[in-house]
Amino acid sequence: MNHIQALQVGFKNILQVFPGNLRIGPLLSLRLSARSMGSKRTISSSSKPVSAMAEDKTKGKRLKALMGTKPNHEKPVLKENGVESCSVGIVSFKDNPETIEKMTVQELITTLRRIGLPAKGRKSDLVSSLKLFVEKKINGEISQTAEELLCSISAESVSVARQAEDLDEEDQVETVSTVSEVRELNRSKRSLKQSAVEDNAVQFDLKAVTTKQKLSLKSVEVSGGKLPLKQRTISSESICAKADYKVEMPMVQTEPWTVLAHKKPQKDWVPYNPRTMRPPPLTSDTKFVKLLSWNVNGLRALLKLEGFSALELAQREDFDVLCLQETKLQDKDVENIASLVDGYQNCFWTCSSSKLGYSGTAIISRIKPLSVKYGLGIADHDSEGRIVTAEFDSFYLVCGYVPNSGDGLRRLSYRITEWDPSLSAYMKELEKSKPVILTGDLNCAHQEIDIFNPAGNKRSAGFTIEERQSFETNFLSKGFVDTFRRQHPGVVGYTYWGYRHGGRKTNKGWRLDYYLVSESIADQVHDSYIVPDVHGSDHCPIGLVLKL
């Protein structure tokens, strides 16, 4: 019996033993590639956690002593009717509760994982979680069936997660699927270099994002079918089980953007949830225009992405105009792409001429504009294809990709002393004839609410004091309104999550994408929103509904 078959049998046993309406999951979404037999890295079929191999020997011996683990690395278990219990060693904490306080963070994490509890947070949180579990276990408040269920899930998920640590974070693709074999899809540059990866992949629904609330395992459906702009599922199953387990601990989430993720949140801040925070759609008798903007981080790569369809995006969002940034196209590529979406025949592209395959912006519209202009009209700024302007009846639409200050802030001076003032002056000149809308990746998290870790990024490109002051001076103080922040003054909503640290799964991001509009039309904004569930780039799209 191979690894996949064993896991599937395990879930079937859960279904037989635990009828009812308890939900397991969605667990953490990890994608592990099944290598060929000659591969250096393979997926183990063992049910034991592999973390013991990576632990420091000294800490490992100490932890084993605390947990009652034998020196020969065999995990002691009790079998009742063929079911292994994870409770061995827990009772040993009863007589020596201070032992828990003396454990290191790594020992606490390993212990909590072994008994099926989440192991995230500060040391005090880990200590409290373990103490609470021990107390409830000793008092008989945790049923054996619940404990066995959590242990069986934990053993498999920890084993998979530990092996996944060997993969680069950029190799992990966020998907929603049942346990199944699917074609390997590697979106990062590093994964493309690993030619030894074979076609098969094992996917587990283990998507972990946390929020504090009571955990009472209930039923969850992991269903197949078509998911807009996400990896499509291959089969359709549902997993149901029942357990009576209530402990104050993190709750698994399938919508990480609804979790308040911030290092220094204020008491009145709340996370952005488009399902509850967007106003009702306008009626058919109201005249309006709907805009969508997206930094695609390479359009050719996005179009090759399995499961992505520009047509599906257009059908789902029903936008009138689509603005793209960082297309990374050359002029020859534009000819091949032609009209990106049926029904949107008015397409205007600008590409970088100074550095091929870099930057690039576009406006794609089903409304024919009155005129189109490329660049700012300043040679020093227009060689990188960063600006496209379309004139419509009621406004100018400027699609912009503001230069990043770069590693070591090497372009910071250019950004704040040349680019920002020039863009601001260009917009004010347009505004003399009609209102202006600037949209795109403006590469600045304006306030602390716009970035997960403000204190740790004071000298990071996009959050320096200089860039934030320039944003204020050249745009907001000149009469342009940040539409999202006006509509949602105390809402934490991000539009960018770096690939390197897997920030999207835990909602540790930045708000870098904006709609800035002239004050004269700010009151006509019906909705300024974020579309966080659309994948394919390290940014997500943003939208604007403007009444005309």
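Cβ coordinates come from backbone N, Cα and C, glycine included.
If you look up TrEMBL, you'll see 100-134 marked as domain 'SAP'.
Listed in sequence order, Asn295, Gln325, Glu326, Gly400, Tyr401, Val402, Tyr496, Leu512, Asp513, His539 are the same-chain residues at least 6 apart in sequence whose CB falls under 8 Å from the CB of Asp441 (Mg(2+) binding site). For Asn295, Glu326, Asp441, Asn443, Asp538, His539, the entry in TrEMBL reads Mg(2+) binding site.
The number of other Cβ atoms within 10 Å of the Cβ belonging to Tyr401 (active site), over all protein chains shown, comes to 25. Annotated active site per TrEMBL: Tyr401, in sequence order.
Here TrEMBL flags Asp441 as active site, proton donor/acceptor.
Per TrEMBL, the feature site 'Transition state stabilizer' maps to Asn443.
Sequence annotations record features per position, and here TrEMBL assigns site 'Important for catalytic activity' to Asp513.
The Cβ neighbour count for His539 (Mg(2+) binding site), using a 10 Å radius and every protein chain shown, is 23. The feature site 'Interaction with DNA substrate' is assigned by TrEMBL to His539.
According to TrEMBL, the feature active site, proton acceptor maps to His539.
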Cβ-based neighbourhood (8 Å from the centroid) of the Mg(2+) site, residues Asn295, Glu326, Asp441, Asn443, Asp538, His539 excluded: Asn297, Gln325, Tyr401, Tyr496, Leu512, Asp513, Ser537
Among Glu326, Asp513, Asp538 [recorded positions], residue with fewest other Cβ within 10 Å: Asp538
Listed in sequence order, residues with CB under 8 A of Asn443 (Mg(2+) binding site) and six or more positions away: Val402, Pro403, Asn404, Ser405, Ala461, Gly462, Glu467, Leu512
Counts of helix, strand and coil residues, the domain 'SAP' (100-134), according to DSSP: 25 helix, 0 strand, 10 coil
